[in-house]
Amino acid sequence: MAPVLPLVLPLQPRIRLAQGLWLLSWLLALAGGVILLCSGHLLVQLRHLGTFLAPSCQFPVLPQAALAAGAVALGTGLVGVGASRASLNAALYPPWRGVLGPLLVAGTAGGGGLLVVGLGLALALPGSLDEALEEGLVTALAHYKDTEVPGHCQAKRLVDELQLRYHCCGRHGYKDWFGVQWVSSRYLDPGDRDVADRIQSNVEGLYLTDGVPFSCCNPHSPRPCLQNRLSDSYAHPLFDPRQPNQNLWAQGCHEVLLEHLQDLAGTLGSMLAVTFLLQALVLLGLRYLQTALEGLGGVIDAGGETQGYLFPSGLKDMLKTAWLQGGVACRPAPEEAPPGEAPPKEDLSEA
């Protein structure tokens, strides 16, 4: 049975392979650490921005999967550092001979699987952010006025912090505030004629104005911020509603958050792809180094050539061997007679 992808490794190539694996393993550990930082940062961002995502959004699964993949990649890199360093010293390598094989299997199945899952999520989930942000922001703006309603008391504070931090206003622009009641009914005077007319003129009984909250104001603007009666050209003679308003944030929060979260997901996906490549190289190199050293009894500087390989035989032969071994293991052992006891003899009847 011929081995799969054999590679002849003389003395110097074996040493260079071990040294190269030591460097690649450190790079893999570093990449795993960077993935941990990136996924942790994305988790923190989603903890603050989760209010503005739809409850059915699956995007938070991405940093969780990436966190697990980064931890496994970091562990695989550290194992590679230890194994490659020990392989250069015949006195340090024997403890690794029994555990390196199972570690390679675990790193290939667990680490590789997690990286593939994380990379797939990084490519698929950002596309669902558009609808999730749209639904979440509609709900957040609708509850802006509910400062005394249980479950929505923090909506105003969260929306104000969002608009001030990300320099945005409304969902797609400041005019989105014209279609929602953002002033709490507690601060409205039902006896005021203007208030009563606005409420009665709305089908849903909402108090709608052509104004925006204070958090939409741009503090860097040299002019006073215009918050009220923005659609009335007579109220502000120098303000043209058809021109961009320099006093208010120009972008909507939907566009800003979508770009921000997609950039974070893109960075995380790139790191997962690089880590997958590094982990594949490290695991392949460790496998060749392990099988080469097994042929030399674990001594890397032994004279002569040795052969490294991925599998000792083809897939068909491996399955056949495993089947035969399993059949032997499952076959019941023959019962043995106790020592000192002769098997009973059958009585022969006389003819």
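Here the Cβ of each residue, glycine as well, is placed from N, Cα and C on the backbone.
Residues or ranges marked as topological domain 'Cytoplasmic' by Swiss-Prot on the basis of sequence analysis: 1-19 (among others).
Here Swiss-Prot flags 20-44 (among others) as transmembrane segment, drawing on sequence analysis.
Residues or ranges marked as topological domain 'Lumenal' in Swiss-Prot: 45-64 (among others). Tertiary proximity for the topological domain 'Lumenal' (45-64) is limited to same-chain residues at least six positions away from its ends with a CB under 8 Å from its CB atoms, namely 39, 118, 121-122, 125-126, 128-129, 131-133, 135-137, 140, 155, 158, 162, 253, 257, 260-261, 264-265, 268.
Among the features that Swiss-Prot reports, transmembrane segment is placed at 65-84 (among others).
With helix defined as DSSP H, G or I and strand as E or B, the topological domain 'Cytoplasmic' (85-102) counts 10 helix, 0 strand, 8 coil. Per Swiss-Prot, the feature topological domain 'Cytoplasmic' maps to 85-102 (among others).
Feature annotation from Swiss-Prot assigns transmembrane segment to 103-125 (among others).
Swiss-Prot lists 126-263 (among others) with the feature topological domain 'Lumenal'.
Here Swiss-Prot flags 264-286 (among others) as transmembrane segment. Sequence-remote contacts of a segment are chain residues at least 6 beyond its ends whose Cβ falls under 8 Å from one of its Cβ atoms, and for the transmembrane segment (264-286) they are 17, 20-21, 24-25, 27-28, 31-32, 34-35, 38-39, 41-42, 45, 59, 62-63, 66, 69-70, 73, 76-77, 80, 83-84, 100, 104, 107-108, 111-112, 115-116, 118-119, 122-123, 125-126, 310.
Annotated topological domain 'Cytoplasmic' per Swiss-Prot: 287-351 (among others), in sequence order.
Sequence annotations record features per position, and here Swiss-Prot assigns region 'Disordered' to 331-351.
Taking Cβ pairs closer than 8 Å, the transmembrane segment (65-84) reaches residues 18-19, 21-22, 24-36, 38-40, 42-43, 96, 100, 103, 107, 110-111, 114-115, 117-118, 121-122, 268, 272, 275, 278-279, 282-283, 285-286, 289-290 in its own chain, all 6 or more past its ends.
Per-residue pLDDT, averaged along the topological domain 'Lumenal' (45-64), amounts to 92 for this model.
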